[in-house]
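Annotation source Swiss-Prot lists (6S)-5-formyl-5,6,7,8-tetrahydrofolate binding site at 23, 80, 120, 454, citing sequence analysis. Annotation source Swiss-Prot lists domain 'TrmE-type G' at 216-377. Feature annotation from Swiss-Prot assigns K(+) binding site to 226, 245, 247, 250. Annotated Mg(2+) binding site per Swiss-Prot: 230, 251, in sequence order, evidence recorded as sequence analysis.
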C-alpha cells in the first residue's frame, strides 16, 4: 500500500538519556538524507554522521541508519537518527525534518499500522509488539514474543485452510445437485466439520488459558465487614492504601493495588464487606465486590475468627459453588490473637486451604506469604504459548458458534446452502483475528493504544 506522506516520531521516551532515536518512514526519506545528513548511505549500514538544520548549522552528531523499501519494518524507506538523548536536540531535529513537504508527526502506532497494511506483519503480530512494550512479567514478554513470531497466527491459518477447503468442496457439490444425497459425501462433510470444530475448541481452550496466565494475577480480598481486609491490603503493599477503622462498612469502593511477588505482578483488590445493607452507596460497593469475585484468578475470603455468626455455611457454599474452572479460594481467619490460638493451616471443603493468623500481632504471616508464593509459582510454571486477547477469544467463540449451529442444522435438513453460509461466517470471524478481514474502525481502535514511534 502506497502512502503519499512521510511520518516522523521519537522512537525513544522523551527525556534526558544517553541516546535518543528519531524514526522516519515514507517516500521523503531520501530527501531528508540529502538535506540533513549530506552523505550517501547504503541500506542496513550504520553511519557516524553530523546532523544539520535547514540553514546548514550543526545540530548534533550521532549514528544514522537507512532501510530501503520493501526490506524494512514498515515496508517503506526508513531512516533513523540516533542522537544524544537531550529533548532539546530531538525537538530541533524533528522541527527541521517537518519542514520537508508532506512530512508530518506520526500518530500512535502508525509505524506498526503501516507495517500491517504493507503485509509485513498480521494484526496478531502488530498487537504483540505493543504487548511486549507493556508486559508486566517475564511470562507476558515470552508469550508476546511467541505471538510476534507467528505462533498464534499459524494456528489460526491452519484452521482457515481446513475451513476454506470444506467450503470450496461444499460449493462444488451445490453446483452438482445429483451428489447431494450421496451418503459418502455426507459422511465426509460431517467428519471434516467435526475435526475443525475440535480444532477451534482446543484453540479456544488454549487461548483462554493463555489470556489468564499472560496477564496480571487478580486476587480479590473479600469477606464480611471489619474482618481485616483493608489491613491485609495495607500489610501486603507496605503502605496505607485503604482506610482502616472499627466502623463496619468503611470500604465502599474497590481499592486496587499492584504488588510484585516472585517476578509476577499481582493486582490485589480490597472490596466492600459482604452483608445485607440499606445504604445505597454500600450496596453499589457490594455489587462491585461480587463482580470482581466472578472475574478474578484467586479469592482471599477473610473472616474474623471471633465472630462465628459471620462464618455462614450458605454464604461460603454460594461462593464455592460459583467458582469458575481457573479460580481458587484461600480462606483466611484473622484475629487469632484474641482467642489465644497459634497460627496454623487446615483444609476446608476437602480441598481449600484455610490460614489462621493475626495481622495486628504479625502472627502466621509466613503462611500467607508462602501461599502467595505458591500462587505466583504456579502462574510462572504454566507454559503460555502465545499472548491472547479478549477480542481473539470473542472471535473464536463466534466462529465456533456458527460452525456448531451450521453442522446441527445441516444434519437436520441437509441444506448445504445454509451450511455454506455458516462456514463463510465462521471464516470471517477467524480472518478478523489476523486482520485479513477488517474495518477501519477496528484498526484505529487497536493501533491507537500503541505508543508514539511504534
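Each residue, glycine too, has its Cβ placed from N, Cα and C.
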Could you tell me which three-state DSSP class residue 230 (Mg(2+) binding site) falls into?
helix
Give me the Cα-Cα distance between residue 226 (K(+) binding site) and residue 120 ((6S)-5-formyl-5,6,7,8-tetrahydrofolate binding site), rounded to a whole Å.
56
Once the chains shown are all counted, how many other Cβ atoms turn up within 10 Å of the Cβ of residue 226 (K(+) binding site)?
23
Rounded Cα-Cα span from residue 230 (Mg(2+) binding site) to residue 80 ((6S)-5-formyl-5,6,7,8-tetrahydrofolate binding site), Å:
50
C-alpha spacing of residue 23 ((6S)-5-formyl-5,6,7,8-tetrahydrofolate binding site) relative to residue 230 (Mg(2+) binding site), in angstrom:
47
Starting from the Cβ of residue 230 (Mg(2+) binding site), draw a 10 Å sphere and report how many other Cβ atoms land inside it.
22
